[in-house]
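The block underneath contains the structure these notes are about, expressed in structure tokens.
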Amino acid sequence: MYSDRGLVELKNPKELQEPTKDFTFDAIYNESSKQLDLYDETFRDLVDSVLNGFNGTIFAYGQTGTGKTYTMEGSFRFTCAEAQIIFGNNNSAILGKPSIAEERGVIYNCFEHIFQHIAQSRNQKYLVRASYLEIYQEELRDLLSKDDRVKLELKEKPDVGVYVKDLTTFLTKSVEEIQR
């Protein structure tokens, strides 16, 4: 792997005479990469485009166990005081504000970026809607729905484009609301 060049070379260990297969990417990150570096280098420009009125999608794809959830959600840890403030005496919750900035995932960093921009805007109004969707084994799952039996479908309308029918969305005004 040559992360500085965005190149991954694969060699079949059973067929050494075969040439290597080269795969080129815009960026390559490994287990020592920092969440904030990943966000700044890969997603910040996309979120800036969204703030300028364009649609944007962040899509994590790959095999089970390769770090998609960690990349998107980061590590969520609470101090006892934070857990009590947010959840009262129910300290069993797992989502919340990451205790270390470097452990904040893409979702947290996106919304922090969005709400910082909104806070600095004076002559612009924003409406922020959020949804949380997982595609697992080619099945769409609404991670905010109280009924996990609802079958979601991809649809398309000329005036809207591609969307997920019946996907739960909610209006939000802060990063803290997103984390609940």
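Each residue, glycine too, has its Cβ placed from N, Cα and C.
For reference, TrEMBL has these:
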- 1-180: domain 'Kinesin motor' (DOMAIN)
- G62, Q63, T64, G65, T66, G67, K68, T69: ATP binding site (BINDING)
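Counting other C-beta atoms within 10 Å of each candidate's C-beta, the binding-site residues G62, G65, G67 are led by G67. This prediction places the mean pLDDT of the domain 'Kinesin motor' (1-180) at 82. Sequence-distant contacts (6 or more apart, same chain, Cβ under 8 Å) of K68 (ATP binding site) comprise A60, Y61, G62. In the three-state DSSP classification, T69 (ATP binding site) falls within a helix. Taking the Cβ of T64 (ATP binding site) as centre and 10 Å as the limit, one finds 8 other Cβ atoms among all the protein chains shown. Neighbour count (other Cβ atoms within 10 Å of the Cβ, all protein chains): 7 for Q63 (ATP binding site).
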